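Trainee: Got a structure for you, questions after.
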Amino acid sequence: MRECISIHVGQAGVQIGNACWELYCLEHGIQPDGQMPSDKTIGGGDDSFNTFFSETGAGKHVPRAVFVDLEPTVIDEVRTGTYRQLFHPEQLITGKEDAANNYARGHYTIGKEIIDLVLDRIRKLADQCTGLQGFLVFHSFGGGTGSGFTSLLMERLSVDYGKKSKLEFSIYPAPQVSTAVVEPYNSILTTHTTLEHSDCAFMVDNEAIYDICRRNLDIERPTYTNLNRLISQIVSSITASLRFDGALNVDLTEFQTNLVPYPRIHFPLATYAPVISAEKAYHEQLTVAEITNACFEPANQMVKCDPRHGKYMACCLLYRGDVVPKDVNAAIATIKTKRTIQFVDWCPTGFKVGINYQPPTVVPGGDLARVQRAVCMLSNTTAIAEAWARLDHKFDLMYAKRAFVHWYVGEGMEEGEFSEAREDMAALEKDYEEVGADSAEGDDEGEEY
């Protein structure tokens, strides 16, 4: 089997974890107590879901997941919530005092007290796997635990499980709204530390998701639950190929092979369609062509940036539901002719496609309409450098005045780490710039496509 272990770090990671496991349980017909009623077993003997769940002798299905937070309140909600019986108590690990939005606390002082316990738990999960494929790490960039503890964990996972792939789902600080003043510091420190340990990082920015909820789902004031449910649909689409059997199946390592041209350039942009409320879905057809086209609308992306200003290096389309290859090929052909999609000149227009016959599941009482088919597009585009540039600019404004730096130094960091991290980010921006630059000396013949 190709098992995956999910690790949810900090408040954002844990709350997205709740939404994801809720959805997985619905998709696989697993009840909140971990039982799978025999009449619900889809198609009988389909055990692909064992990549995400392990089965006990008593027929209970336990998620292969660890929830970690340096303070107890968020995970206490899991301990008392609907799914309290789903998780093994030792999978929910909490500390006593939080990281206070401080990378240094998550990475050095508070984080190191709990790291061995976490690794021990992960080791137990890994030992239950026959062929561990890799780790999915969920966290935010802005928080102290999400940034500091995650980067510590990634370093240690690289040591313990060197060759296993590590994928991140990261909540990137939104351009306009912020939950902490020091987000730019934490984000840049964590990106710098994690860059060499992560194989692929799917970024999601809250503001982009807010806008999608407002615009497509007509939710006037989206809550984190609304956001997380939408994020969980995307995560579910990305992992569906590991959990169900399909026509064109894609596994974790296959993503990286197709999406990551250079080790450092591993930040694909996720786009999901159709995001539509039940009232609207009733009046629309949502053909394969339509949803494929929607993926190339900047409005449907999970990070605010404009791919029309950048170039694509790779593109993965993951369909699920009632989709046949003929429709997909037609849709892609149309897009190639109509859209102004620029690929870098060293990469011929390659679209990788995955198809899963399991239609998207919706959470009862959720915001999304039940649809026949959906698509999640993962594209590696140079446009995401805009997001880095935005963050770097904010970092520079604060760091020029050395604002808030004493909190980090007080927890045992050195000021040199800031400048080192910032230089690494500058190098990353430069990498993106160079990848997008034409390999030929002439710049004028690039306009034809």
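Every residue, even glycine, has its Cβ placed from backbone N, Cα and C.
Note that the structure is a prediction, hence the values are computed from the model and not measured.
The following feature annotations were taken from Swiss-Prot:
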- Glu254: active site (ACT_SITE)
- Gln11, Glu71, Ser140, Gly144, Thr145, Thr179, Asn206, Asn228: GTP binding site (BINDING)
- Lys40: N6-acetyllysine (MOD_RES)
- Tyr282: 3'-nitrotyrosine (MOD_RES)
- Tyr432: phosphotyrosine (MOD_RES)
- Ser439: phosphoserine (MOD_RES)
- Tyr449: 3'-nitrotyrosine (MOD_RES)
- Tyr449: site 'Involved in polymerization' (SITE)
Trainee: Of the recorded positions Glu254, Tyr282, Tyr432, which one has its Cα closest to the Cα of Ser140 (GTP binding site)?
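Mentor: Ranked by Cα distance from Ser140 (GTP binding site), first place goes to Tyr432.
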Trainee: Count, for each of the binding-site residues Gln11, Ser140, Thr145, Thr179, the other C-beta atoms lying within 10 angstroms of its own C-beta, and report the residue with the smallest count.
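Mentor: Selected from the binding-site residues Gln11, Ser140, Thr145, Thr179 on minimum Cβ neighbours within 10 Å: Thr179.
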Trainee: Cβ distance under 8 Å to Asn206 (GTP binding site), same chain, sequence separation 6 or more: which residues?
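Mentor: Long-range Cβ contacts: Ile171, Ala174, Val177, Leu227.
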Trainee: Show which residues of the chain containing Glu71 (GTP binding site), separated from it by at least 6 in sequence, have their CB under 8 Å from its CB.
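Mentor: Non-local contacts for Glu71 (GTP binding site): Thr94, Gly95, Lys96, Glu97, Asp98, Ala99, Thr145.
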Trainee: At the Cα level, what's the spacing in Å between the residue listed as 'active site' and Tyr432 (phosphotyrosine), rounded?
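Mentor: Approximately 22 Å lies between the Cα of the residue listed as 'active site' and that of Tyr432 (phosphotyrosine).
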Trainee: How far is it from Asn228 (GTP binding site) to Tyr432 (phosphotyrosine), counting Cα to Cα, in Å?
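Mentor: One finds 29 Å between the Cα atoms of these residues.
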Trainee: At 10 angstroms around each C-beta, which of the modified residues Tyr282, Tyr432 has the fewest other C-beta atoms nearby?
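Mentor: Result for the modified residues Tyr282, Tyr432: minimum number of other Cβ atoms within 10 Å at Tyr282.
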Trainee: Between Tyr432 (phosphotyrosine) and Gln11 (GTP binding site), what is the CA-CA distance rounded to a whole number of Å?
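Mentor: With distance taken Cα to Cα, Gln11 (GTP binding site) is 31 Å from Tyr432 (phosphotyrosine).
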Trainee: Among all the protein chains here, how many other CB atoms are within 10 A of the CB of the residue listed as 'active site'?
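Mentor: So the Cβ neighbour count for the residue listed as 'active site' comes to 14.
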Trainee: State, in Å as a whole number, the widest CA to CA span among the GTP-binding residues Gln11, Glu71, Ser140, Gly144, Thr145, Thr179, Asn206, Asn228 given in the record.
Mentor: 22
Trainee: Pop the Cα-Cα gap between Tyr282 (3'-nitrotyrosine) and Gln11 (GTP binding site) into the table, whole Å please.
Mentor: 36
